[in-house]
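**Student:** Okay, so Swiss-Prot annotates it like this:
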ACT_SITE  234  active site, charge relay system
ACT_SITE  327  active site, charge relay system
ACT_SITE  361  active site, charge relay system
């Protein structure tokens, strides 16, 4: 009897799944597909074609995909290569506490490459991908000006505390924070515009707001002293790096594909005002899909005005730069290299860079679907993020391990629990 087996069928979203088809005729060509809908009913799909071995089995841990959305041996390729049916959609789990992403795996005993040809699958399996582990708690935060959601691991603590910042997407994005909490960190997913009573659009980087958030987190009884970490991406990584430079509360910072200077919006902190460098919009390029490529608009070669460059040498903690070498939003490797060079020129060894060939801009937790481009509501156009799906997927797996290792090394003190 034909069977499609996925184990575990119920797991955290950052855990791998083993997929096997059994009971096939020897050398049978098959199609395996993955399908999922987000909370807005947007459909995402992937497929790959395989040949059964002499025992009538296809084990994705060993079998090489002959074609489809990827080729070669990629056990989680169906998850990483999920693509939106409607162009420029990004798969983001909103409700991370109450429901999983339900991914349907289907097995067909032929090559099914035309969407218009509908035949019933020979076997199916539902895989539930959760974003919060057992015992993780979520607290809605409205404290002073601070708006966000705090995720706490099970247990008494104290736990190493982290602030999680996303970029120009705005609002409150929680899936990374909840997964980190499932791994033993207390994480504040922090909104800073386009959420509740916060500014509807980003007009300035108010570092006093982020210091208020850091103080709130450190004052929480379940947060380990004396300092916190920051994980940040894109525009959030610009803010994260500024926090590392100016806030003594921050002792470990992860910057994912962010600039090393202040761009587009002024940075304000107490009496300090840093006027931004302006994006060179005349350098925007358009991909064949119509998505806008901003990579050349943030040219670090033109960063000749020292006050606009973030003074990384002032950072009291450690900084981990994670960069995708095929990032099409900005030249993130060049920016990280500039920051590393500046640290070295001041005799500092507190920075480290992980560069991933083939990875794009949106480096997220493992097995998150690769997003090459998606709609930007502020621009009113799709943004190009770049990357190769398989190389990007490998970067997500490796960087997630390194991020956790980095925070454990630099946030855990005697008496802390993880």
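Just so you know, the numbers here start at 1 and follow the chain as drawn.
For all residues, glycine too, the Cβ spot is worked out from N, Cα and C.
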**Student:** Roughly how many Å lie between the Cα atoms of residue 361 (active site, charge relay system) and residue 234 (active site, charge relay system), rounded to a whole value?
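**Tutor:** Just about 8 Å between their Cα atoms.
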**Student:** Rounded to an integer, what is the Cα-Cα distance in Å between residue 234 (active site, charge relay system) and residue 327 (active site, charge relay system)?
**Tutor:** 11
**Student:** How many other Cβ atoms are found within 10 Å of the Cβ atom of residue 327 (active site, charge relay system), counting all protein chains shown?
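**Tutor:** Step by step: centre on the Cβ of residue 327 (active site, charge relay system), count other Cβ atoms within 10 Å, giving 27.
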